[in-house]
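Taken from Swiss-Prot as is:
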type	residues	note
TOPO_DOM	1-15	topological domain 'Mitochondrial matrix'
TRANSMEM	16-34	transmembrane segment
TOPO_DOM	35-40	topological domain 'Mitochondrial intermembrane'
TRANSMEM	41-66	transmembrane segment
TOPO_DOM	67-72	topological domain 'Mitochondrial matrix'
TRANSMEM	73-105	transmembrane segment
TOPO_DOM	106-128	topological domain 'Mitochondrial intermembrane'
TRANSMEM	129-152	transmembrane segment
TRANSMEM	156-183	transmembrane segment
TOPO_DOM	184-190	topological domain 'Mitochondrial intermembrane'
TRANSMEM	191-223	transmembrane segment
TOPO_DOM	224-232	topological domain 'Mitochondrial matrix'
TRANSMEM	233-256	transmembrane segment
TOPO_DOM	257-261	topological domain 'Mitochondrial intermembrane'
Amino acid sequence: MAHQAHAYHMVDPSPWPLTGAIGALFLTSGLAIWFHFQSVTLLTLGLILLLLTMYQWWRDIIREGTFQGHHTPPVQKGLRYGMILFITSEVFFFLGFFWAFYHSSLAPTPELGGCWPPTGITPLDPFEVPLLNTAVLLASGVTVTWAHHSLMEGARKQAIQALALTIILGVYFTALQAMEYYEAPFTIADGVYGSTFFVATGFHGLHVIIGSSFLAVCLLRQIQYHFTSEHHFGFEAAAWYWHFVDVVWLFLYVSIYWWGS
């Protein structure tokens, strides 16, 4: 490796952004094909390609940051700014869904019966599964903070336990959400109520799955002694992301489940 007289990481050429983009294209196109033609071939191909890309890209970043020492303090600072900007872009992404929901619900058109929820829609009880989901997600926010503090204090076993607990709570939330979708008395095709409900809560559910995988990678890395109390940006980024998912759910619960019902 050539000697460099600066603290910045000159990233080597990598195929993963391209394979990741192709995987995402196949996944979204496959989803549309599955909805309309009941064929899961392209969807499965996209999912496999995306999972392989994730595995190999994560592997490369772990090699560069943990074993080759490329993640110097200035590089970590850049990664922090990058994560903050990414979460900010996600805030605006969800803002669009809330805008659609409030636009439709605050001034319901005569076609909807002039009321909200629209005529013929039976909304879900906000004090049943949605309230349990809120408790589960808030508890996972506590456990991820416990994991972070344990990591900073060098309490390795506690960090592993807290991380494992957070992932279990994330999986439990996803299972409850899937059950709620299965038993919902309305579908995504039931006008503006169905579409805003399922798109907003569905994208949030997708973010919970992404966050759970992010934390699962952190758990594996913590088990393999990759993190130290000073050097654990991968975990920090996962924790920020998880707290963001937490806060979005609180807004979804108050807006769509409680006020919207």
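For all residues, glycine too, the Cβ spot is worked out from N, Cα and C.
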> So what's the mean pLDDT when you look at the topological domain 'Mitochondrial matrix' (224-232)?
Replying inline: 91
> Same chain, outside the topological domain 'Mitochondrial intermembrane' (106-128) by at least 6, Cβ under 8 Å from its Cβ: which residues?
Replying inline: 180, 184-186, 190-194, 253, 257-258, 260-261
> Where, among 16-34, 41-66, 73-105, 233-256, do we find the most CB pairs under 8 A to the transmembrane segment (129-152)?
Replying inline: 233-256
> Given the transmembrane segment (233-256), which of the listed stretches 16-34, 41-66, 73-105, 156-183 has the most Cβ pairs that are under 8 Å apart from it?
Replying inline: 73-105
> What is the number of residues in the topological domain 'Mitochondrial intermembrane' (35-40) that are helix, strand and coil, as DSSP sees it?
Replying inline: 3 helix, 0 strand, 3 coil
> Same-chain Cβ contacts of the topological domain 'Mitochondrial intermembrane' (184-190) under 8 Å, 6 or more residues past its ends?
Replying inline: 121-122, 124, 197-199
> Can you count helix, strand and coil residues in the topological domain 'Mitochondrial matrix' (67-72) using DSSP?
Replying inline: 1 helix, 0 strand, 5 coil
>> Given a Cβ distance threshold of under 8 angstroms, which distant residues of the chain, six or more beyond its ends, lie next to the topological domain 'Mitochondrial matrix' (1-15)?
In response: 57, 60, 64, 70-75
> Residues of the same chain, at least six outside the topological domain 'Mitochondrial matrix' (224-232), with any C-beta under 8 angstroms of its C-beta?
Replying inline: 62, 66, 71, 151-154, 159, 218
